[in-house]
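Chemist: Quick paste from Swiss-Prot:
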| type | residues | note |
| --- | --- | --- |
| BINDING | GLY297, GLU298, ARG307, SER308, ARG348 | 3',5'-cyclic AMP binding site |
| INTRAMEM | 162-180 | intramembrane segment |
| MOTIF | 175-180 | motif 'Selectivity filter' |
| TOPO_DOM | 1-12 | topological domain 'Cytoplasmic' |
| TOPO_DOM | 31-38 | topological domain 'Periplasmic' |
| TOPO_DOM | 62-74 | topological domain 'Cytoplasmic' |
| TOPO_DOM | 113-129 | topological domain 'Cytoplasmic' |
| TOPO_DOM | 151-161 | topological domain 'Periplasmic' |
| TOPO_DOM | 181-185 | topological domain 'Periplasmic' |
| TOPO_DOM | 211-355 | topological domain 'Cytoplasmic' |
| TRANSMEM | 13-30 | transmembrane segment |
| TRANSMEM | 39-61 | transmembrane segment |
| TRANSMEM | 75-94 | transmembrane segment |
| TRANSMEM | 95-112 | transmembrane segment |
| TRANSMEM | 130-150 | transmembrane segment |
| TRANSMEM | 186-210 | transmembrane segment |
Amino acid sequence: MSVLPFLRIYAPLNAVLAAPGLLAVAALTIPDMSGRSRLALAALLAVIWGAYLLQLAATLLKRRAGVVRDRTPKIAIDVLAVLVPLAAFLLDGSPDWSLYCAVWLLKPLRDSTFFPVLGRVLANEARNLIGVTTLFGVVLFAVALAAYVIERDIQPEKFGSIPQAMWWAVVTLSTTGYGDTIPQSFAGRVLAGAVMMSGIGIFGLWAGILATGFYQEVRRGDFVRNWQLVAAVPLFQKLGPAVLVEIVRALRARTVPAGAVICRIGEPGDRMFFVVEGSVSVATPNPVELGPGAFFGEMALISGEPRSATVSAATTVSLLSLHSADFQMLCSSSPEIAEIFRKTALERRGAAASA
């Protein structure tokens, strides 16, 4: 029996298997654990290691067959998950060999889409992040210097040098404040208050830069996906890039579960829809099913008449909607859009009449 189907079953279980494995690694560090319990935990680690070995074999076979390509990071994680514990078991005779199974921390990240996004965010925001980090370093040294000057005679054992004062500066800038080092003078306490406020501002800058970067990355991905969808719609294929950008910016995402009614016949319509994923069923005398790239509901925007058919989700469907207010703005700024919609409405009305 081929092991190739195993990968499809196993891939979602990376985190599920890693969790008990890492808990077993932690439990094996308890000094007074009985020998039987240690043996059971070691057996559990061996079972998980065997599962990871099968996954590695499946991945390599799929890659050799050409089914999977460009998965070097995933394969590297699979190789490390197998070889590192094996090498530790064979070469390290001490009970600490199980600690090397901590490499399984990488397994839940194997199929994650978060870290590629994080990498792009860090690359895009590198200049701003480096700038804030530089500011942090400057403030850190300045605070340590000030604390050294103010407190060195009062607490020479804690502020007797700038490196010693830097520990207090770090924990105070991060607003952690362990309490092991506290300024005794009035000037030192005023400095501590100012440093805490500065730390909040600096960490707020870091958080704001990363949050903005993630938001822009998600928006960029949505924009590209929506652009590809809109550009593939025959209705818009003759429009220029500038007009397409306006349309994409006006679209709003919506997900509808299977069987749900999207619009009913006779209802007033205030938007049209584009199908991104899934399919919808149009209840006409000759029922029609529309898939990705199709659109419906444009008649209500053009003529203002009620819905001419009931449309429901044949499967779970992702839609992009264009509201009437946005539609009117687009038509006023780009008359060619209004003309394209008008011609399409006439064609569909004629086709419906002939049917």
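Cβ coordinates come from backbone N, Cα and C, glycine included.
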Chemist: By DSSP, how many residues in the topological domain 'Cytoplasmic' (211-355) are helix, how many strand, and how many coil?
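Modeler: Helix (H, G, I), strand (E, B), coil: 71 helix, 35 strand, 39 coil.
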Chemist: What are the helix, strand and coil residue counts for the topological domain 'Periplasmic' (151-161) according to DSSP?
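Modeler: Counts, helix then strand then coil: 5 helix, 0 strand, 6 coil.
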Chemist: In terms of Cβ proximity under 8 Å, which residues at least six beyond the ends of the transmembrane segment (95-112) contact it?
Modeler: 11-12, 14-15, 17-18, 21-22, 24-25, 28-29, 38, 41-42, 45, 48-49, 52, 74, 77-78, 80-81, 84-85, 87-89
Chemist: Give the nonlocal contacts of the topological domain 'Periplasmic' (151-161) in its own chain as ranges (CB under 8 Å, at least six residues past its ends).
Modeler: 168, 181, 183-185, 188
Chemist: According to DSSP, how is the topological domain 'Cytoplasmic' (113-129) divided among helix, strand and coil residues?
Modeler: 15 helix, 0 strand, 2 coil
Chemist: Count up the helix, strand and coil residues in the topological domain 'Periplasmic' (31-38) according to DSSP, in that order.
Modeler: 4 helix, 0 strand, 4 coil
Chemist: Mind checking which residues of the chain, 6+ beyond the ends of the topological domain 'Cytoplasmic' (113-129), have their Cβ under 8 Å from one of its Cβ atoms?
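Modeler: That would be 206, 209-210, 212-214, 216-218.
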Chemist: Apart from its near flanks, which chain residues at least 6 from the ends of the topological domain 'Periplasmic' (31-38) lie with a Cβ under 8 angstroms of it?
Modeler: 95
Chemist: What is the number of other Cβ atoms found within 10 Å of the Cβ of ARG307 (3',5'-cyclic AMP binding site)?
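Modeler: If we count other Cβ atoms within 10 Å of ARG307 (3',5'-cyclic AMP binding site), we arrive at 18.
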Chemist: May I ask for the residues of the chain that lie six or more residues beyond the topological domain 'Periplasmic' (181-185) and have a Cβ under 8 Å from a Cβ within it?
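Modeler: Result: 147, 150-151, 154-155, 158-159, 167-168, 171, 191-192.
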Chemist: Within 10 angstroms of the C-beta of SER308 (3',5'-cyclic AMP binding site), what count of other C-beta atoms is obtained when all protein chains are considered?
Modeler: 19
Chemist: As a test of reading the model: what is the averaged pLDDT for the topological domain 'Cytoplasmic' (62-74)?
Modeler: 66
